[in-house]
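Enquirer: Okay, here's the structure, questions in a sec.
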């Protein structure tokens, strides 16, 4: 059992991933990491924290915590249309549990290789299980996808299916078993950052966000930042067969709108660029669905079967404890 | 009482500091911050975590936590000879306590202005009080001060005085009062990152580290990374009058060697550059003291009064709980 902090870091975190952009000069083992920014690129950074009992159930295995942390964090780079490059990790651990740490670091290394990113630095401290990760990526100058660029008439798209992560969490909290459960729990534990999709849409999108708080809440961030509104067709929401089979139409639609933590992308594209977007996404493995349109007047309207009504944005808010697990 | 996470972040953290390097493009309020790296600079990054009850006593005021977090984190940039530019903050809070948060953010903003750095992004979650900060700075290409450059014959220097922080912590843990206590507790709560000193010595130093684990442990990091040893004169250790008056020669010397968290710099300079170093430090307000010399043979020797003996590096290790408060 390792009790030395430096030995522990050295053993598990000294060789995690590699940076495809080739910008990393010095990594774990000095006071700071050193990076040589590529010429003519902007740096894009985001920090995220996950706390045991808040963002994932107590006693979640190390590999599942690694998947969830990695997917959620790099999803923020996807939302900016950035190419991931490197990350840092601050790990607060209640015990020195080599088996948990090894499972965590092995999964983290697998994902780092898969996405071509490198762990360049970290901090390990004693305390209640808390993980903070900062992710770093590169975009061309002034090409980062912001929340503030949506214009009236733009089409609103989302990637993948929505509500699955909330469904997976519910099956965990209520200890539910059934044929749909493995898929839904996989969606909860293993969010896939939509990096490839983001790089394909970046030339066409006017605004983008990743869905962490719930579609309505996150779309509302775009609307407020862009000073516009939206008309949504709830019948167009992409919902997985598994979620629909398990909880039916009404519940799956509600979770798709407000469940949160799907880490899919919501983005807007000018109507005239829709054909080019379709062409860019040919043969792409991740589904992209148009769910509505940006309007000039602030607020969100639903439109279905000839009826139009306003809705309030709602979503995940850590400080309401709504999703405390 | 604010209960909305976004409102809370907006209120307290939307306008903290400003970046003197002018590289920050987008800050708090999108999925990521966006930075345009200055031409011909390396980026230097470090992440640090502080946990209530481990790194500071429970019920420490917000302004003291801010000072300690800021000083400890930016000290890592000083150790690299980097110019500080911006930072991110991941804040895990047990309660939504507006008074604590306001005191924290006011002090953080003061220090950010003082050091010319900007808060560019963050995350706020519910949980046991834990703070992770990532600091970012710039150096000229390949000019970052590493641990690995010390050579036999180099002089070993430290800034300021050593052991005060450990003394301050002891007065807190044992509820001690006396004329020296305010100074010592100030040194514990308000470490000053030695940024100005670092920029003055950067052209002369061959290796540098900040003293977080204790002089012997941190000097040993330089020695191992550089594959050299050191001869130290313990009688030359800079010890404050306050610490000496309170605990005497033997105890203050032990704390200077192993106490940790002083966040002073330890650095090495070739003997022939010592005159130029002295000239560079003329009129500089922070004391710089030569405590020994790098030797070819690995290990640390003490030399005093004609006697020479080997010592083991010891220091702060979070996972031994030695300093748990």
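Glycine is treated like the rest: Cβ placed from N, Cα and C.
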Enquirer: Which one, A:18, A:46, A:61, is listed by TrEMBL in the same Mg(2+) 4 site as A:31, A:76?
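Expert: Answer, per TrEMBL (Mg(2+) 4 site with A:31, A:76), from A:18, A:46, A:61: A:46.
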Enquirer: To the nearest whole angstrom, what is the C-alpha distance linking residue A:31 (Mg(2+) 3 binding site) and residue A:122 (ATP binding site)?
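Expert: Residue A:31 (Mg(2+) 3 binding site) to residue A:122 (ATP binding site), Cα-Cα distance: 10 Å.
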Enquirer: Which of the binding-site residues A:212, A:213, A:261 have a Cβ less than 8 Å from any Cβ in chain B?
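Expert: Sorted by position along the sequence, the hits amount to none.
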Enquirer: Looking only at the domain 'PurM-like C-terminal' (A:153-298), what are its DSSP counts of helix, strand and coil residues?
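Expert: Helix, strand, coil within the domain 'PurM-like C-terminal' (A:153-298): 69 helix, 26 strand, 51 coil.
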Enquirer: Per DSSP, how many helix, strand and coil residues does the domain 'PurM-like N-terminal' (A:29-137) have?
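Expert: Residue counts for the domain 'PurM-like N-terminal' (A:29-137) by secondary structure: 36 helix, 44 strand, 29 coil.
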Enquirer: Whole-number answer please: how many Å between the C-alpha atoms of residue A:261 (substrate binding site) and residue A:210 (Mg(2+) 3 binding site)?
Expert: 9
Enquirer: Based on Cα coordinates, which of the following binding-site residues are within 10 Å of residue A:147 (ATP binding site): A:46, A:48, A:76, A:123, A:213?
Expert: none
Enquirer: Expressed to the nearest Å, what is the distance separating residue A:48 (Mg(2+) 1 binding site) and residue A:122 (ATP binding site) at their Cα atoms?
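Expert: Residue A:48 (Mg(2+) 1 binding site) and residue A:122 (ATP binding site) have their Cα atoms 14 Å apart.
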Enquirer: In sequence order, what residues of the same chain, 6+ apart, have a Cβ less than 8 Å from the Cβ of residue A:76 (Mg(2+) 3 binding site)?
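Expert: Set apart from residue A:76 (Mg(2+) 3 binding site) by at least 6 residues yet with Cβ under 8 Å, we have A:46, A:48, A:135, A:210.
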